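Taken from Swiss-Prot, the feature Ca(2+) 1 binding site covers Thr13, Glu14. Annotation comment: Swiss-Prot describes Glu14, Asp17, Asp19 as Ca(2+) 2 binding site, evidence class similarity to another entry. Annotation source Swiss-Prot lists Zn(2+) binding site at His28, Asp35.
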Amino acid sequence: VMNMWPGVKLRVTEGWDEDGNHFEDSLHYEGRAVDITTSDRDRNKYGMLARLAVEAGF
């Protein structure tokens, strides 16, 4: 993220769900999922953010 968008940070908004905010079969209940965004919350970056996550092995 820092190489793609200088000054923008990765934000983890949720990793483990205890409150039941996700679908019943969500991997959040097993601690195997994460919700992420960027510090500037620019939705136009989300497609590239997903590609970067896949390239990093997530």
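Cβ coordinates are placed from backbone N, Cα and C, and glycine is handled just like the others.
Positions of Swiss-Prot features highlighted on the structure.
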residue	record	CB count, 10 Å
Thr13	Ca(2+) 1 binding site	8
Glu14	Ca(2+) 1 binding site	13
Asp17	Ca(2+) 2 binding site	17
Asp19	Ca(2+) 2 binding site	8
His28	Zn(2+) binding site	19
Asp35	Zn(2+) binding site	13
Legend entry - Between Asp35 (Zn(2+) binding site) and Glu14 (Ca(2+) 1 binding site): CA-CA distance (Å): 5
Legend entry - His28 (Zn(2+) binding site) in three-state DSSP notation: helix
Legend entry - Thr13 (Ca(2+) 1 binding site) versus binding-site residues Asp19, His28, Asp35 - nearest by Cα: Asp35
Legend entry - DSSP-derived class (H/G/I helix, E/B strand, else coil) of Asp19 (Ca(2+) 2 binding site): coil
Inset, instruction - Note the Cβ centroid of Glu14, Asp17, Asp19, the recorded Ca(2+) 2 site, then list each other residue of that chain whose Cβ lies within 8 Å of it, in sequence. - result: Trp16, Glu18, Gly20, Asn21, His22, His28
Legend entry - Rounded distance in angstrom between the Cα atoms of Asp35 (Zn(2+) binding site) and Asp17 (Ca(2+) 2 binding site): 10
